[in-house]
């Protein structure tokens, strides 16, 4: 047996809680007729374990305690195994405390009971107590402790336990290697994971050859590091070795195939790999991965073909699958087919979610179908039970803005306000731009109030749109108040347009002269605005001078105007 200091050097016990675990004592039991011999007692306990009657086995052992000459260590172990099968960890720990001389089987059964009952702290604490006794842990004990480390995400401690197996002359099996490969991928690198996989493949180093768990853990490690080629090589190797394929490995390989450069052909690679997979292996996550690859390239025909294949293979799509299928229509003019998929979802009993609604709104926006986007946001989403978010409102608002439908955009803003949608910066910016086009002062003020309440930054583009909205509404005084803190030429142009529209010739000329003196320098938009300034008597020459000054500014390389609605002449 190896010396105990080897275990201490492994550092696995450093983070383990000290002291025995708290257990619950069972109530006193009525005595049962005693068996005639130890062999008869063993047959009884074994039969009860096979029948999964752990309580009856526990009662029989307690009754036999009145006849000490009948009890043997194997009797305790059989009952401990029955408790382990049933995940009765508290009864297992109570019984272990009464075993006269517990052996490795006693400890392994109790540790397994804790692990199966998802009590990792109790399992690790018991493993530590075992290592402080003359009883050396076996493979079952180590695997139960490794599983406990996995559940508590103690990956460094898991690797220390894995390293300590050699000190106890315990050969790791395929599951132990898979746990170590997965742990090293989370705390180390995929290169070390591949080294462990190669180590598991060496003859005599593991109790079993690398199985699906080992390859799956290595593939996930490479996928986390973005090593898509390594994932595909592992997939080809396991297929050549005849390792049984599961959905987790296929999903990792499909993800790598879809993301591997060049990404434009990712959907073809993933589609071909899915076709070559054994029947019944691909699950909904595998199909969704391929569907998302088709979505990125706008392959809506392939999306419909995948849905038909899923129906043939009896794989039920989920909301993420439909969201990707709908999103595949965004670069085509087939927005009706995309909205038809929502009806298909309802007919198959799949509940639409926020991702589905957002994908459909983006499709409508790309197709410039503002009535469909407005109807989807204000009518269909409430019927589907999907609460609107800032993303949904932004998509519908953008669609209306792209189509020049200012009234529809204002309707979207009223809907968002009535539904209490928490605004974000992009939504408020787009909403203020719509208010600027419509000259809607009241909605603009409400949006500015929401901006202040949310504590969001007031960008120059928002300021520019607000000035334009107030100016077109005839409130040039409020527009000038917002201009006082502005430094962008687009904001000044919007204020100039407000003054010109209101007939405030003197103030417009004063603002223009201030731009000449202090900046920002006038640009071509400034000149177009000032051309609309009405000439009065001898001041017509001043308008010509304004146009010439703006031209000289452009030749001198003045600042470019901020792009936005409010900067338009």
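Residue numbers in this text run from 1 along the chain shown.
Yeah, the Cβs are placed from backbone N, Cα and C, and that goes for glycine too.
As given in TrEMBL:
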type	residues	note
COMPBIAS	560-569	compositional bias 'Low complexity'
REGION	532-569	region 'Disordered'
REPEAT	103-137	repeat 'PPR'
REPEAT	211-245	repeat 'PPR'
REPEAT	283-317	repeat 'PPR'
REPEAT	353-388	repeat 'PPR'
REPEAT	488-522	repeat 'PPR'
SIGNAL	1-17	signal peptide
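Secondary structure counts, DSSP: the repeat 'PPR' (103-137) has 25 helix, 0 strand, 10 coil. Mapped onto DSSP helix, strand and coil, the repeat 'PPR' (488-522) counts 27 helix, 0 strand, 8 coil. Broken down with DSSP, the repeat 'PPR' (283-317) shows 26 helix, 0 strand, 9 coil.
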